[in-house]
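Peer 1: Following this message is one structure expressed as structure tokens.
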Amino acid sequence: MGFGDLKTPAGLQVLNDYLADKSYIEGYVPSQADVAVFEAISGPPPADLCHALRWYNHIKSYEKEKASLPGVKKSLGKYGPVSVADTTGSGAADAKDDDDIDLFGSDDEEESEDAKRLREERLAQYESKKAKKPAVVAKSSILLDVKPWDDETDMTKLEECVRSIQADGLVWGSSKLVPVGYGIKKLQIQCVVEDDKVGTDMLEEQITAFEDYVQSMDVAAFNKI
């Protein structure tokens with residue numbers, strides 16, 4: 001497993017392809033897996049790698065909280081496509097298999113205090129989730145206006161970047177280009193979000209992060225479903 005050398009364009013391309021249908025390196029929330037890969041990259045990916053750039057900017061916003069993100073940080077070779085080997089020079093040794101936390105770990109293996117605490121916390125969370133009854137999910141339909149810099153902006157690429165933003169509770173809908181004057185067109189795009197998972201602030205932060213294409217974003221319409 002791995003991404004190749006994340007300090008090279010080839011490695012970043014592998015990362016971009018890997019994130020084309022994923023919001024995070026593992027699972028549905030930021031974790032130590034994202035931190036490990038983020039720290040292996042020397043800087044923001046180029047704008048044409050929109051999936052990798054979207055992920056990079058999102059994880060960067062967790063800079064102050066990265067130590068508290070869930071999971072156990074492992075070596076880069078533990079993440080990414082199975083068919084690619086990690087060759088990023090990090091100087092860090094691979095994490096030992098004994099460090100992996102097994103939710104149903106064997107009783108006859110010695111556990112560190114941290115590992116034992118983490119396993120107990122996960123078991124408690126699992127039991128808590130199982131006990132909860134399904135709640136009604138509040139959703140909203142949002143119409144966004146995404147404005148380019150000028151009439152030379154590649155609107156196809158702009159829309160591709162916007163749609164590359166993925167999150168649990170976010171579904172993109174139809175879109176169209178609307179003239180605003182002087183040959184400039186804005187992207188008007190519909191999306192449906194789960195209110196407790198996705199907000200307009202998060203959408204604006206991630207969309208405007210594609211600063212090579214996007215000048216600004218506005219909410220044109222907002223309706224509860």
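First residue shown is number 1, and so on along the chain.
The backbone N, Cα and C atoms fix where each Cβ goes, glycine too.
Feature list, courtesy of Swiss-Prot:
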- 1-85: domain 'GST C-terminal' (DOMAIN)
- Lys7: N6-acetyllysine (MOD_RES)
- Ser42: phosphoserine (MOD_RES)
- Ser83: phosphoserine (MOD_RES)
- Thr88: phosphothreonine (MOD_RES)
- Ser106: phosphoserine (MOD_RES)
- Lys147: SUMO2 cross-link (CROSSLNK)
- Ser174: phosphoserine (MOD_RES)
Peer 1: For the C-alpha pair, I'd like the distance in angstrom between Lys147 (SUMO2 cross-link) and the residue listed as 'N6-acetyllysine', rounded off.
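Peer 2: Here the two Cα atoms are 32 Å apart.
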Peer 1: Using Cα-Cα distances with a 10 Å cut-off, which of the modified residues Lys7, Ser83, Ser174 are near Ser42 (phosphoserine)?
Peer 2: Lys7
Peer 1: Using a Cβ-Cβ cut-off under 8 angstroms and a sequence gap of six or more, which residues of the chain neighbour Ser174 (phosphoserine)?
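Peer 2: Within the chain, Ser174 (phosphoserine) has Cβ neighbours under 8 Å at Ile189, Gln190.
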Peer 1: So for Lys7 (N6-acetyllysine), how many other CB atoms are inside 10 Å of its CB?
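Peer 2: So the number of other Cβ atoms within 10 Å of Lys7 (N6-acetyllysine) is 15.
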Peer 1: Find the average pLDDT over the domain 'GST C-terminal' (1-85) in the predicted model and report it.
Peer 2: 88
Peer 1: State the three-class DSSP label for Ser83 (phosphoserine), counting H, G and I as helix, E and B as strand, and everything else as coil.
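Peer 2: Note: Ser83 (phosphoserine) is coil by DSSP, not helix or strand.
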Peer 1: Provide the number of Cβ atoms within 10 Å of the Cβ of Ser42 (phosphoserine), excluding the reference atom itself.
Peer 2: 9
